[in-house]
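Database features (Swiss-Prot):
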| type | residues | note |
| --- | --- | --- |
| REGION | 101-409 | region 'Disordered' |
| COMPBIAS | 116-185 | compositional bias 'Low complexity' |
| COMPBIAS | 195-208 | compositional bias 'Low complexity' |
| COMPBIAS | 244-280 | compositional bias 'Low complexity' |
| COMPBIAS | 281-292 | compositional bias 'Basic and acidic residues' |
| COMPBIAS | 385-394 | compositional bias 'Gly residues' |
| COMPBIAS | 400-409 | compositional bias 'Basic and acidic residues' |
| DOMAIN | 498-665 | domain 'tr-type G' |
| REGION | 507-514 | region 'G1' |
| BINDING | 507-514, 553-557, 607-610 | GTP binding site |
| REGION | 532-536 | region 'G2' |
| REGION | 553-556 | region 'G3' |
| REGION | 607-610 | region 'G4' |
Amino acid sequence: MSSNTVAQFATELKMPANVLLEQLRAAGVDLKSVDDAVTDSDKAKLLESLRRAHGATEGKKITLTRRQTSEIRQADATGRSRTIQVEVRKKRVFVKRDPAELAAEQAAARAEEAAAEAVPAEAAPAPAEPVRAEPAVETAAKPVEPPVAEAPAEPVAAPAAEPQSEQPAQAEAQPEPTPAAQAEPEPQPEPQPEAAPAQAVAEPVEPAKNVSVTETEAEQARPEPVVHAQTELTSKTPAPVAQPSAPAESPKSAKAEPAAAPKTTAKPGEIRRAAAPAAPDRAREEARRAAEAEAAALREMLSRPRKVLRAPEPEPQAGALSGTLHKPAGKPATTAAPKKDAKPGAPGAKKTIKTAEVSSTWSDDSARKKPADNKPAVTTRDGWRAGGKGGRGGRNSRNQHQDRRHEQVQQEFIAREIHVPETISVADLAHKMSVKAAEVIKQLMKLGQMVTINQVLDQETAMIVVQEFGHMAIAAKLDDPEAFLDETAAVTEAEAEPRAPVVTVMGHVDHGKTSLLDYIRRAKVASGEAGGITQHIGAYHVETGRGVVTFLDTPGHEAFTAMRARGAKATDIVILVVAADDGVMPQTREAIHHAKAGGVPLVVAVNKIDKPEANPERVKQELVAEEVVPEEYGGDVPFVPVSAKTGAGIDDLLENVLLQAEILELKAPIEAPAKGLVIEARLDKGRGPVATILVQSGTLKRGDVVLAGASFGRVRAMLDENGKQIQTAGPSIPVEIQGLTEVPAAGDELMVLSDERKAREIALFRQGKFRDVKLARQQAAKLESMFDNLGEGTQTLALIVKTDVQGSQEALVSSLTKLSTDEVRVQVVHAAVGGISESDVNLAIASNAVVIGFNVRAEQSAKKLAETNGIDLRYYNIIYDAVDEVKAAMSGMLAPEKREEVIGLVEVREVYTISRIGTVAGCMVLDGVVRRDSQVRLLRNNVVQWTGHLDSLRRFKDDVKEVKSGFDCGLTLRGNNDLQLGDQLEVFEIKEIARTL
């Protein structure tokens, strides 16, 4: 007897081993663990136990519903095509008949067929019995559906799946020998022909499906679904289960059967004559069994969606017609053989093939084999049997099957955790949620947002969409390469050493900041500034007798707020320069706020004390009001009177600065990768992007790979503030580097990385992130401001700004944008660093913009293009001039103000009524002048009665343009004849006055 362990048996049944062990123990099988052996008799006991347990609760009726959704396009009343969803629902009910009634009918059928048998049936099922008992156990062990099979024997069960063909069943009934009747308690003569195909299933190879299996799989696992389906299709007689005690034939006897079969083959004519009397009754029986077969197969499919192997087509039919029943026993039978051997006129050949396919191809995998001549019927888990060629399924059955399968996938909803980055496209969001992009777009449309599949969503919107779909949204930064920077910073910790202080000179414009630095550096810097004002951050380091000091000179003009903030961020000490003759000014207060916000100590330099009108005491009082208290008043801020012209007090100032530096104990690691801050950046035509860097820690070397914001590169050249090449730069040293891929933003942090590939990855990540965030914000702004300007006469002044350095661009754009009013809005279409190129002029043509160049000039080709298209190019080197001219241009775009001016007064002294003309007034001009095109007000008793225009003005008989004071005239009013003696006419004009910002 064949045996295997509980664990192996559970693997075959695809169920947990411990559950199977409990079921075996409940059936009375004494097993200790999952490693114990299971015999065929144990399996039979398990099958009997499960049938007893599930038989009482077996359902009598199965109701199947099918829903199919399709779309049609139909034109509406306006002629536009609309898509309409059409849903078709169908229901089918299968009723299980009473087993007693079926048993009676089967007994009568067996009696009729026994008389028709001339030759004993072939005893093929015996060796397959033990093998088939195991699959029966497997099907019964599945608690998904109680087993319907109550038939006694598997060989008998197999033919029941082919009730439609009557003739072939009789044709195969003849060659069966009688041992089948001895082996089974209740043999059924009609279904016997299927025994040979069922045995062929147990062969090692199943070529009908092009599936290669081992002998064990073929004997135990593969026949299982077929047998289960067949047992369900048999009549429900309460006969005993297939006997495990039946002798198991050796492989030799199993292979010898096909050779012996041809000797007992009967002629086709005899078979038909013997079957003729029972034909009417059998037709009814076959029709009933066909319905039962379909219901049982549907139950099998619904309970166990496993891949099913088809039983091969019965060989004896082909043999009866061609003289050969089987191929040699060594070769497994194939389903294609009967088709080749059968003649076109052979009775029942085609029908047998069809019924065999119907009974043995219940599978959910519709794409597992190539289509044959007769397409097998396929049943899906959520639909009915889709007929093959010529069946109910039709050509669209495969598409319908795919639609049904897709519907089922949608029904199985699984809530997931969706990580939503800062920006994500609609397509990516749909992919993360495993839904179609169209569903996401539909949901966004419900939320009031019209999007496309590639549109970028911001994080908040994407999280709302995820929650609408029932998933859990988590705001996250996945795969952020910047995490690498934190790891690098943690690893590269070095010993800190003393460093030079970084001192920022701040103050109001024209208070002498640069002149003070000029004296300290002994170099003429201020004379080279345009307009005598600083428009860049200058970085210098000075060697004094007490050490090195690095100075940053910031602009004082109000436009350079961001630059001053950057200067305070990068600095250790702030020198606040205040003119002794001018006192505290707005930018002085702003510098104090920047210093306090950064927690930076202040040193006040009261400049211009050499002037006669200097008043240092007034400056002290004003600074005390700003909470900057001098040391002599009990505060902590040193006050040093200096003169940038004579040099008085400069040494005291430096001494105070170095004293503050000693108190701060400034330290930084030197032997470490450099980190710094981008002070300024520009695009040089010959050298490319150039950045001024203040090294804050570590040592920057020539050839280092650096990352600055969204740009990266290798340091190709390094210059100090005097333009000399240097190889290294330590902490607190300002340098100018070349070799970056693009111009970084001023204020970006710079750091040295060991891996250029990683630097490129982080830079590209930052670029994409910046672009996505910018686009998402623009989209949100568009949606919010869509109706803001609707109906308003808002005018827009478009500008393209090109500057020499990043800081100037930032300051200029900020200043120009602040000029916007409710009526005229300044729109900076494009702002960048570098000269004015042809592409800038093309952009100006497209957007009708004015091009502003700040310390830059246009290329020759750009100049010609601008002249040809009438584009206005403006060059400036002082920020005041640029702001003032843009303000003047905006004033010209403002709607003029209309004012009313009274120019004369007329009194009515005579009134004449003339036909075809109307009422004519004879008047005297009392004051001013009356003009023909003027407007008038009719005054009666000093109350305004009417306002309008003069229709005509005459003096005597002549039309005149105007009549001055002291002269009489005749006039008519346009659209008004109500004139009386004593009325007065007030003559006025409306003048337009240009407005200014």
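All positions are counted from 1 along the displayed chain.
Glycine residues also receive a Cβ, built from the backbone N, Cα and C atoms like all the rest.
Because the structure is a prediction, the values reported are computed rather than measured.
Location within the structure of each feature annotated in Swiss-Prot.
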residue	record	DSSP class
GLY507	GTP binding site	strand
LYS513	GTP binding site	helix
THR554	GTP binding site	coil
ILE609	GTP binding site	coil
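Assigned with DSSP, the residues of the compositional bias 'Basic and acidic residues' (281-292) fall into helix, strand and coil as follows: 12 helix, 0 strand, 0 coil. Annotation for ILE609 (GTP binding site): spatial neighbours ALA580, PRO616, PRO641, VAL642, SER643, ALA648, GLY649, criterion Cβ-Cβ under 8 Å with sequence separation of six or more. Within the model, the region 'G2' (532-536) carries an average pLDDT of 47.
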